[in-house]
């Protein structure tokens, strides 16, 4: 994928702040500090474009990144950080639900989980939420450089079993550090847009 332009256009907490151009979107969901910002930076080959936070749970807005003036990556607020107050968790839930239930431009959701660990109850709930709202789900298994390639299938099987994934749904191991899996991930991003009738320029 040739990246000609990329910019953050909006940080939103309610519908009135969402972009209104009708440009298609793919959203990234995952636990706090699972690596969403790092994945965005890696996909765009830009360092510190999407800011990585040292404070889990800090991102509480929906961030829209416009790529090549053709499509959006949407960075959803991280979940699962125990030290966040109950009121903040409820606020997060409202922000997420409003986006997922009403966003016609949203094509698919990519759920990020740490390949080293069994998905958490929050990951399972997020997966079920994605399916409840009728979206395709692709799982990105982050931090793939932390285990050997020979262990990939074992860990992917654990992820599939814990989330109770459909056999047709993909799990893609990705390392932001070593760029492992980035090409396959781009192919799947383009594929998801194509499935929804959008032609994305790849070169």
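Just so you know, glycine gets a Cβ as well, placed from its N, Cα and C.
Swiss-Prot lists 22-195 with the feature domain 'EngB-type G'. Annotated GTP binding site per Swiss-Prot: 30-37, 57-61, 75-78, 142-145, 174-176, in sequence order, evidence recorded as sequence analysis. As annotated by Swiss-Prot, Mg(2+) binding site applies to 37, 59.
On the structure: features taken from Swiss-Prot.
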| residue | record | contacts (Cβ under 8 Å, 6+ apart) |
| --- | --- | --- |
| 30 | GTP binding site | 36, 76, 78, 79, 111, 112, 113, 123, 126, 140, 142 |
| 61 | GTP binding site | 11, 12, 13, 77, 95 |
| 143 | GTP binding site | 35, 114, 115, 116, 175 |
| 174 | GTP binding site | 39, 42, 140, 141, 142, 144, 180, 181, 182, 185 |
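All protein chains shown were included, and the count of other CB atoms within 10 Å of the CB of residue 33 (GTP binding site) stands at 20.
For residue 77 (GTP binding site), the Cβ neighbour count at a 10 Å cut-off comes to 23, with all displayed protein chains included. For the binding-site residues 36, 37, the largest tally of other C-beta atoms within 10 A is found at 36.
Note on the domain 'EngB-type G' (22-195): its mean pLDDT in the predicted model is 90.
Residue 143 (GTP binding site) falls outside any helix or strand according to DSSP and counts as coil.
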